[in-house]
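Database features, via TrEMBL:
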DOMAIN    313-446  domain 'ZU5'
ACT_SITE  His436  active site
ACT_SITE  Ser438  active site
DOMAIN    447-588  domain 'ZU5'
ACT_SITE  His578  active site
ACT_SITE  Ser580  active site
DOMAIN    780-865  domain 'Death'
Amino acid sequence: TQKMAELLGLGDECGEEASGATALAGSCLADNRLNLDVYPDGCRRFLQLFKGRQGEVVQVEFLRLSSNDRLLGTTLGILPHLKHLKSLVLKGGHARDEFGLCQHGSLTSLPPDVGNLRCLTHLDLSFNSLSTLPSCILHLPSLRVLLVSHNSLVALPEDFSCLRNLTFFSAMKNQLKDLPQSIGELAALQDLDLSENALEFLPEEVGNLHNCTELDLSGNRLSSIPDSLANLKSLRRLHLHSNLLVTVPASLASLPNLSRLDLQNNCLRAVPPEIQTSPFVHLRGNPLGETEPSPQADESSARGLRRLFLGSGEDSFTVTSEGCKVVLACGVHFYFPPGATSDTLRIYFRTLAPDPQWVKLRHHDVLLSRVLELQPHGVKFQQEVQIWMPYTSPQTLHQREVVVRTFSGQSWSDLRTRVEQKRKSKKHVAHCSVLHFSWFLVVSRLVQNECKVPTEGTLLFSSVDPNIKVTFPPGVTEETRSVKLQVLPVSAEEIEEITANTECRASPLLCLSQDSLVDFLRPVRIQLPLPPGVTGLNLDRSRLRLLHGDLEGQTWDDITSQVVLEFTHLYAVFEVTHFSWYWLWYTTKTYIGGIAKKVYERLRMYQVNFIALQRKKDPEQVLLQCVPKHKVDPVLKKLQDRYRGPEPSDMVEMFEGEQFFAAFERGISIDMDRPDCVDGRLSFIFYSHLKNMKEIYVTSPVDRKGQAVKGQVSFYRGAVPESIPEDASRRRKGPDSLWLATLPIKLPQLKSRWGENPGPLNGFSFPPLNLGNAETGYLTQANLLSIARRVGADWQTIGLNLGLTYQQIERIGYNNREDLDKQILDMLFSWAQQNSEDPDCVSKLVTAMKESGRQDIADEVETIIELGRQKYRESIRRVGLEQESSTEDSAIAMM
């Protein structure tokens, strides 16, 4: 440690840069490691170190840099000097665009002299812009682990077999169309991942990989596979899902060590009996038993189309010119008609949490779904693709309508949408048709009526209130323009409650807009109903006010004296030459603009309550939720069997899409490294029809073996929106003005052994673990102990989904009978030790949790992974893995 401190303390030689170099010390795990990819200027820091302490830097064995760094090109020239380098990571993906997508690094090649790094055994070039594999890589004689995933490779070199010591190779998510025959000469290869490429066939020589234990060919364009795969006697897992397979060799069923054969979502109409009856074969999403459609069949019929049913762990599928029907695990349905695409196309999808920074809702919009992203964005289909998106149905759709909204990269626009209800589940879906893929979400908006206004004039009226009419006379415009009309009904009860004045009345709010910036050439005649309770017989004209509002509802001007108001028994009529918002009020108040603004703002807000509940079996597991007032009782009734806690908070008011925070106080804390944790507080976004809920684990930094901890959780606004009424925003004075509510949290006296430091437990001793690899993320011993706490009675189902046999499960249950904690620990750590060398074990753990119905645990694991290298670095210190490894293999695994 002292040596590295000297290395990083640049002193007078670097002047002002010394403080920056000193900060670099936190990025080093040991004397021979430099982790600089966590810094936006990591390459600059590396260049400074090399200039100031070259003799020490060239001894570095483990180096990580971000290829998103602008100084990467200069840094690459220095790499050949690091003759002792064993592991080199030059990954992109550290920067993200405005939609949260990983930006690939700028790396397109490597200096030829990199091939002189004779000690290099681990090389990670993922998330870059490589179109060809740098030739210098083929001259690395010691290379055992090579990752080039998420690049643009179209082929591998013919002499790829030069890497004879290679044991792990990942080229997932590239554009590979074929493989060199020499790939079969990689005799040491154990794990080969070529998923999500464009492979159409495999060379027979793949069957010569006799030491291969896992082969992933999913997400390609394979219509067949060679019989030689039956020669892979060491193969344990073969992934062939999401291809175009029409047949598979029966000999695959005879592979002695095969424990999983995934053939889901292919074109298999029949499979050999040996395969169909095997317990480790997965065939979902194939048209088994269906006959081949005849050429005379109606191509517009979906009856003969291939059907794909995707699981929760999948993120892509393949579409051919024949078309298909696709069902995602989240409930989204697609129909690709025959001819929608002329070439085979890979579709990628994911659902995103809505972010108010780019999901811009309009006033009175209600978000009903998460964001669905579909790629590729720039492809135009030759026929419209139909999409069915499930959404949370509002209690009433009266005076509102549901639409699918899509983002073009510049702005959001609404699609023509039809609302349907599933026959069996009775769930609602929004149905639309598109020619391009981008981002999609479902919203509820005010009913919108629109029309084209020609030179001859026309009439537009509201379908919500037919008494609201807009008349366009002949000659009103020189060119046809589009006009939109929306109406916001306001009841007398709402006006009275907000204004506390029984004499105030208002007509429905009329919102008019057009696609032209030019005023109308002739006045447009507008008819509005008089406010409730007012007729032409009892009308006092001195109390009637016509208000004109801007497009954000921030200002309301009284224009009564600027227009000519005409009255009938039920209506008021006036003329205007430009469009905006119009509101007719009946009141004794002289200044009505301020009152109208307050009412308008209140109509946009929701009355909500906060709840904070603790799981009965594990009080450290806390559920936080922001619930609209009318939903509180049903939500509490649903949760009462598993949770207990205080009464909901007092009612507060929030806007749709408003940010708020939860802070644990008075002796209770949470993991500050969570991605959703900002300055020690959990970040939430309120959407009235989505679940504003998080379930987290809390701890107490104090020793609570002898007493309980009485803490609390407080809720705060992120910032006071400009348009929020003052009496709704300031509950306290001073620095706590953003405070909304506080609820008590009590942690009981600690009795369980789970809360103690990891170590021996009832005869168990847990060896240090570091599961995963650079692609999948890492899990440590402490992480597994945290997961074990939540497993409970589901341990057997989880164990089976992890790949343990029934005999192993029964033996674990018998050896630890009458002790559930021991059964869980024995199962989880037995699996972990068996799979500690499997680079894909973390993603398999997540999949097993989802398949076992434990989405909560799967979310926790994915959150840990998302923390990235910072979390990994801290976990290494926690379990003591910074000590020198006994072998090169274990050193590689730690990177």
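Cβ atoms are placed via backbone N, Cα and C, with glycine included.
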Tally of DSSP helical, extended and coil residues in the domain 'Death' (780-865): 68 helix, 1 strand, 17 coil
Surrounding CB atoms that lie within 10 Å of the CB of Ser580 (active site), all protein chains: 15
Chain-internal residues near Ser438 (active site), provided their CB is under 8 angstroms and they sit 6+ positions away: Glu373, Leu374, His377, Thr406, Phe407, Ser408, Gly409
Nearest-integer angstrom distance between the alpha carbons (Cα) of Ser580 (active site) and His436 (active site): 33
DSSP-assigned states of the domain 'ZU5' (447-588) in counts, ordered helix, strand, coil: 14 helix, 59 strand, 69 coil
For His578 (active site), the number of other Cβ atoms found within 10 Å of its own Cβ: 12
Between His436 (active site) and His578 (active site), the C-alpha gap once rounded to whole angstrom: 35
Secondary structure tally of the domain 'ZU5' (313-446) (DSSP, helix then strand then coil): 0 helix, 70 strand, 64 coil
Within the predicted model, mean pLDDT of the domain 'Death' (780-865): 80
Neighbouring C-beta atoms (10 Å sphere around the C-beta of His436 (active site)): 14
